[in-house]
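Enquirer: The active site, proton donor annotation in Swiss-Prot covers D228. Annotated substrate binding site per Swiss-Prot: R49, G50, A51, R86, Q187, N238, K239, in sequence order. According to Swiss-Prot, the feature site 'Transition state stabilizer' maps to C148.
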Amino acid sequence: MQTLQTTSLRVVDNKLWILDQQALPQQKNWLPADNTEALVGHIHALRVRGAPLIGLSASLLLALLAEHGMTRDALGQALEVLRAARPTAVNLMNNLDRMKQALTQPDFVAALGAEALRLVQEDRELCERIARAGSELVKPGSRLLTHCNTGGLATAGVGTALGVIARAHEAGKVANVWVDETRPLLQGGRLTAWELGELGVPYQLITDSMAASLMAQGQVDAVWVGADRIAANGDVANKIGTYSLAVLAKFHNVPFYVAAPQTTLDPACPNGAAIPIEQRAAAEVTGVAGSFGAVQWAPEDARVYNPAFDVTPAALISGWVLDSGVVTPEDVANGRFAG
């Protein structure tokens with residue numbers, strides 16, 4: 001396979017490398033993903049994360065395994081193991097469905113390689129379309145609030161919600177970005193803050209519980225988030241805490257936008273109640289670990305509830321910005337996502 005580089009993925013000498021997003025921003029470590037077990041481990045540990053990026057990393061690995069001589073049957077088994085790595089992220093399922101089709105071709109090695117590279121290029125292009133469509137909704141002088149991380153670290157391109165902010169900033173329309181730290185794993189504080197700093201976008205980091213106070217003071221003009229899955233009725237699964245922001249935004253009459261690619265749509269999923277929600281380890285809540293080491297603050301026997309995602313009802317969303325354009329609540333009510 002040709003050499004490939006994104007913010008978080010590399011293919012060099014027919015080997016897949018991932019940027020360890022658990023070590024950022026203090027350390028920039030590239031880790032190998034030589035086999036299915038290694039990549040699944042990286043996904044579970046959130047060293048590679050973001051719904052689009054997870055799908056792309058799995059697709060690239062399958063293509064590389066094929067080039068290294070793995071049989072068709074073994075590749076089919078590897079594909080299903082990868083499919084189970086992150087159940088909420090429908091991009092992974094959609095990408096692997098396309099790779100599964102490529103696997104049926106007579107020259108499956110070439111077909112898998114071509115399809116994986118096509119998926120990367122498509123993601124770059126659709127991120128740009130999302131970013132430009134969304135930036136048109138941003139008013140001059142806007143103070144925007146975002147949650148989790150939805151930029152180049154989570155995609156092959158400029159990103160989804162963070163891509164919108166980046167393009168709006170280039171147009172001179174962003175006065176400030178409020179960055180939720182995004183408990184418990186701090187993707188906002190670690191990753192989004194780092195990306196915005198690299199882009200030169202003015203931002204201020206806040207704890208998740210400060211959003212209500214800012215909205216009450218009129219300090220937030222719009223909220224922009226990404227999505228891991230969008231159901232047929234417009235309900236959105238995204239990083240835990242998104243639902244809270246949507247409720248706050250509705251109460252304070254602040255527009256709440258979701259930016260995501262078409263591949264995040266799941267027409268077969270009728271509503272948010274049907275979306276599987278990943279439950280994660282208690283240690284993520286009882287303490288914190290990073291390049292600085294590990295600290296535990298909760299009692300050893302503390303019981304923990306730690307869902308990775310929550311579901312935001314469509315009724316709380318002002319608009320869905322896809323690579324195909326802006327979808328309104330009226331469009332969704334008329335079955336736009338129902339397939």
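Including glycine, each Cβ sits where the backbone N, Cα and C put it.
Keep in mind it's a predicted model, so treat the numbers as computed, not measured.
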Enquirer: Within 10 Å of D228 (active site, proton donor) (Cα-Cα), which of the recorded positions A51, C148, N238, K239?
Expert: A51, N238, K239
Enquirer: With the substrate site defined by the record as R49, G50, A51, R86, Q187, N238, K239, how many Å span the farthest pair of C-alpha atoms?
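Expert: Of all Cα pairs among the recorded substrate binders, the widest measures 17 Å.
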Enquirer: Relative to the Cβ position of R49 (substrate binding site), how many further Cβ atoms are located within 10 Å?
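Expert: Looking across every protein chain shown, the total is 26.
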Enquirer: Reduced to three states, what secondary structure does DSSP give Q187 (substrate binding site)?
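Expert: SS state of Q187 (substrate binding site) = helix.
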Enquirer: Using a Cβ-Cβ cut-off under 8 angstroms and a sequence gap of six or more, which residues of the chain neighbour Q187 (substrate binding site)?
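Expert: For Q187 (substrate binding site), the qualifying residues are Q21, R49, C148, N149, K239.
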Enquirer: Which chain neighbours of the substrate site, leaving out R49, G50, A51, R86, Q187, N238, K239, have a Cβ atom within 8 Å of the mean position of the site's Cβ atoms?
Expert: I54, A89, C148, N149, A154, G226, D228, A308
Enquirer: Which one of these binding-site residues, R86, N238, has the sparsest Cβ neighbourhood, judged by other Cβ atoms within 10 angstroms?
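Expert: Each of the binding-site residues R86, N238 was scored by Cβ atoms within 10 Å; lowest is R86.
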Enquirer: Under 8 Å Cβ-Cβ from G50 (substrate binding site), six or more apart in the same chain: what's there?
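Expert: Non-local contacts for G50 (substrate binding site): S8, N149, T150, L153, A154, T155, G226.
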Enquirer: Same-chain residues six or more away whose CB lies under 8 A from the CB of A51 (substrate binding site)?
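Expert: In sequence order, R86, A89, V90, N91, L92, A154, G226, A227, D228, R229, T264 meet the Cβ cut-off.
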Enquirer: Give the three-state DSSP assignment (helix, strand or coil) for K239 (substrate binding site).
Expert: strand
Enquirer: At a 10 Å cut-off from the C-beta of D228 (active site, proton donor), count the other C-beta atoms across all protein chains.
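Expert: Excluding its own Cβ, D228 (active site, proton donor) sees 28 Cβ atoms within 10 Å.
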